[in-house]
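Undergrad: Below are the features listed in Swiss-Prot for this protein:
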| type | residues | note |
| --- | --- | --- |
| BINDING | Glu9, Tyr55, Glu63 | Mg(2+) binding site |
| BINDING | Arg53, Thr66, Trp419 | ATP binding site |
| ACT_SITE | Asp57 | active site, proton acceptor |
Amino acid sequence: MQRRIFGIETEFGVTCTFHGQRRLSPDEVARYLFRRVVSWGRSSNVFLSNGSRLYLDVGSHPEYATAECDDLAQLVTHDKAGERILEDLLIDAERRLAEEGIGGDIFLFKNNTDSAGNSYGCHENYLVTRAGEFSRVADVLLPFLVTRQLVCGAGKVLQTPRGGVYCLSQRAEHIWEGVSSATTRSRPIINTRDEPHADAERYRRLHVIVGDSNMAEPTTLLKVGSVHLVLQMIEEGVQFRDFTLDNPIRAIREISHDLTGRRQVRLAGGREASALEIQREYYARAVQHVESGDPSPTTQYLIDLWGRALDAVEQQDFSSIDTEIDWAIKHRLVERYRSKHNLTLSDPRVAQLDLAYHDIRRGRGVFDLLQRKGMVRRITDDGEIELAKDSPPQTTRAKLRGDFIAAAQEAGRDFTVDWVHLKLNDQAQRTVLCKDPFRSVDERVERLINSL
């Protein structure tokens, strides 16, 4: 599949403090955040005019699901637009709090763990064809996803009984199964629940829930782009060395705790391999695969970054990736802060810095401050992100949904939408079923919009 549909769902951590003390419960904060949404959408689960879905997930976590994208840079832009949309809600909620005499600062964190040890996710979605054996996709992908944190982790200062440890991944400590149909109860690496949100005879939706939420645009690009390339190779019948892991859950934690990438993990046949070895195998195949075609500049950059990230780990010199890969950017930040103030990794101020990296409020969040200083590389720009807050991707089904929502809202009409249905809640209950996620032009939708 040369052209693929991608989407990212991100759950955000939320808290409200007043002079450093917790002010409101997460439930109360979430209610303030979503008050504006509920006032126009009559629900805390809505689709927006840019084709995305915004809702309150289990445990009072705001969640943003991007519209269907068919281009990696487009996906990065729409993922960032979600941050800006939630930042707007945050600013509005703080204003309401002030009007009601409740002082306080609301924080939204694009991370995966809170101080109490709870975890919330970043789920990636990939459209795959129904043809072929899905179990083979899972078998080939699992070792790749377990080791991908080496190049895509968000980084985390983990507090252990032996003191603070710098880890590659936030999510690794919270994954309990390899492949499963549940997402919250068991937290697998690949979710197999078959909900394609498309023509079920032609497509499946691969739902990957092991990844970290990323702040750095190049890391998001590499995270999704590398999976896309591995899927392409599986679809084309490329054979990979067998890296089936003896215990994927133990392996994912062991790899996260080892910045050298050299720690050996047990494979199913009794052999051992390191995360670096496993990633090198997938990377080498990806290079061959890409060079056999006519790669776009984005794909060329992706392959270059992937290779540089592996080289940086192998050489233990992260300076070549510490403006592009989240865990390396944060590692540089933490190490400079520690040496300046003579701190250990167990110091609460280091934990505070770790958290502040993921604060999405511009002008306050540490990642944004680094970006303003030109210390992190961009894939998109602020103008594109601003546009994506209101406009859907123009090349996928999201355009149909976004255009319908915008037109219905402008006409003051009552409507219901989901990923595949567009429905006018009038006497006729007119509904259009959009089963092809690649289709951005549909006469039935045009007729529905023209009838408003």
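Note: Cβ is positioned from N, Cα and C throughout, glycine not excepted.
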Undergrad: If you take the centroid of the Cβ atoms of Arg53, Thr66, Trp419, the listed ATP site, which other residues of that chain have their Cβ within 8 Å of it?
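TA: Going along the sequence, the neighbours come out as Gly7, Glu9, Phe47, Gly51, Ser52, Ala65, Ala67, Glu68, Ala398.
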Undergrad: Fewest neighbouring Cβ atoms within 10 Å: which of the recorded positions Glu9, Asp57?
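TA: If we count Cβ atoms within 10 Å for the recorded positions Glu9, Asp57, the smallest count is at Asp57.
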Undergrad: For the binding-site residues Tyr55, Trp419, which Cβ has the most other Cβ atoms within 10 Å, all shown protein chains included?
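TA: Answer by Cβ density within 10 Å: Trp419.
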Undergrad: Return one of helix, strand or coil for Thr66 (ATP binding site), based on DSSP.
TA: coil
Undergrad: For Arg53 (ATP binding site), what is the secondary structure state per DSSP, taken as helix, strand or coil?
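TA: Looking at the DSSP assignment, Arg53 (ATP binding site) belongs to a strand.
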Undergrad: Relative to the Cβ of Glu63 (Mg(2+) binding site), which residues of the same chain, six or more apart in sequence, are found under 8 Å away?
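TA: In sequence order, the residues whose Cβ lies under 8 Å from that of Glu63 (Mg(2+) binding site) (at least 6 apart) are Glu9, Thr10, Glu11, Phe12, Leu54, Tyr55, Leu56, Asp57.
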Undergrad: Counting other Cβ atoms within 10 Å of each Cβ, which of the binding-site residues Arg53, Thr66 scores lowest?
TA: Arg53
Undergrad: Determine which residues of the same chain, besides Glu9, Tyr55, Glu63, have their CB within 8 A of the center of the CB atoms at the recorded Mg(2+) site, and list them by sequence.
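TA: Checked against the 8 Å cutoff, the neighbours are Thr10, Glu11, Arg53, Leu54, Asp57, Pro62, Tyr64, Ala65.
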Undergrad: If H, G and I count as helix, E and B as strand, and all else as coil, what does DSSP give for Trp419 (ATP binding site)?
TA: coil
